[in-house]
Amino acid sequence: MSKKPVRVAVTGAAGQIGYALLFRIASGEMLGKDQPVILQLLEIPDEKAQNALKGVIMELEDCAFPLLAGIEAHSDPMSAFKDTDYALLVGSRPRGPGMERSELLSINGAIFTAQGKALNAVASRNVKVLVVGNPANTNAYIAMKSAPDLPAKNFTAMLRLDHNRAASQIAAKTGKPVAGIEKLAVWGNHSPTMYADYRFATIDGQSVKALINDEEWNRTTFLPTVGKRGAAIIAARGLSSAASAANAAIDHMRDWALGTNGKWVTMGIPSGGEYGIPKDVMFGFPVTVENGEYKIVEGLEIDEFSQACIKKTLDELLEEQNGVKHLL
Ligand code: NAD
Ligand code: LMR
């Protein structure tokens, strides 16, 4: 094992997503089978949470993962984020049945001010941050704005679950393998206003739009199914998605760290003004990644329907942003 270990901080490490995530990071699924990792795990100081974290750590030890070069338990972000190269900000309250994700802003928003400040103070200057905790885009915006000494581009929000959900629905509709799908995009907020867009997508080189050839299905089945999938899972399980969320977090970080080989993926990233999205809005865009740097796929034609969908999700994000001014 010749590579130097990298530091991976995970918050909410004793929660449901944490439990589905940590073992996969430690086994090398996120950063590669040749990359040792040191896990820096953060939970709230509460005795029950810290005890649960101890149990998770015992299980991680019992896996004897060859790539796991160290495990730390923390209750303070200032120590948990020390020198961290990757930070997965999961810890926060999930919604229950009947709630919208934006309703979590008043409960969860403040967590991301404190954690953004701690990252600003002690993390690696190249830290790659993924916010999973909901409402993910606006929490990522809060963390980014609370960390003025770190590059804004280091902060991202998770739209990958929506991207994967969209791919899976398309595969089911067309009867083609999900692995063949390319050039899919999900624009905007991780909320029911998101715009999953398969106009440019292909499966094994064939146009998805032409294969489906059913605009009614797009508008009345596909978009609502993808947009409301989180709520459907809460209604069915009584708990919010966890394994699929952890899987999406792994996909997001792996692709950001190791590259996409020209393939489009969706990441929530601070806008640089592309497609008329105001600067710094944390927006889902189609990107490609090379050498650890993501790049927005530019020059896509935005038709009238798409423009209206993008405006709707942007307006919601601007409203959320406006609602957290007091935290910044
Ligand atoms: P959970 O309640 O099972 O676990 C959350 C954990 O976070 C708990 O152990 C809690 O003690 C801890 N925590 C709370 N505040 C913390 C803080 N300030 N610092 C460190 N840890 C803290 O919840 P979960 O199911 O794991 O979901 C976590 C979050 O992820 C929720 O906000 C949920 O809505 C969100 N989520 C997002 C997506 C997405 O696609 N972006 C998908 C699924 C879930
Ligand atoms: C999801 O999309 O499954 C998560 O964001 C959880 C939720 O509240 O929907």
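Keep in mind that glycine also has a Cβ here, set from the backbone N, Cα and C atoms.
TrEMBL annotations:
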type: ACT_SITE; residues: H190; note: active site, proton acceptor
type: BINDING; residues: G12, A13, A14, G15, Q16, I17, G18, N108, Q115, V132, G133, N134; note: NAD(+) binding site
type: BINDING; residues: R95, R101, N134, R165; note: substrate binding site
type: DOMAIN; residues: 6-155; note: domain 'Lactate/malate dehydrogenase N-terminal'
type: DOMAIN; residues: 160-326; note: domain 'Lactate/malate dehydrogenase C-terminal'
Work out the three-state DSSP category of the residue listed as 'active site, proton acceptor'.
coil
Anything from the binding-site residues G12, A14, G133, N134, R165 with its Cβ under 6 A from ligand 1? List those in sequence order.
G12, A14, G133, N134
Counting only residues 6+ apart in the same chain, whose Cβ is under 8 Å from the Cβ of G133 (NAD(+) binding site)?
T11, G12, L89, V90, G91, S92, N108, I111, F112, N139
Show which residues of the chain containing R165 (substrate binding site), separated from it by at least 6 in sequence, have their CB under 8 Å from its CB.
A196, V226, R229, S244
Integer Å distance between the CA atoms belonging to R101 (substrate binding site) and Q16 (NAD(+) binding site):
17
Compute the C-alpha separation of the residue listed as 'active site, proton acceptor' from N134 (substrate binding site), stating it in Å without decimals.
8
Under DSSP, the domain 'Lactate/malate dehydrogenase N-terminal' (6-155) has how many residues in helix, strand and coil?
66 helix, 28 strand, 56 coil
In sequence order, which same-chain residues at least six apart have a C-beta under 8 angstroms from A14 (NAD(+) binding site)?
E43, A49, A52, L53, G55, V56
Cβ under 6 Å from ligand 2: which of the binding-site residues G12, A14, R95, G133, R165 qualify?
R95
Calculate the distance in Å between the alpha carbons (Cα) of G18 (NAD(+) binding site) and N134 (substrate binding site), and round it to a whole number.
15
Nearest of the binding-site residues to Q115 (NAD(+) binding site) by CA-CA distance, picking from R95, R101, N134?
N134
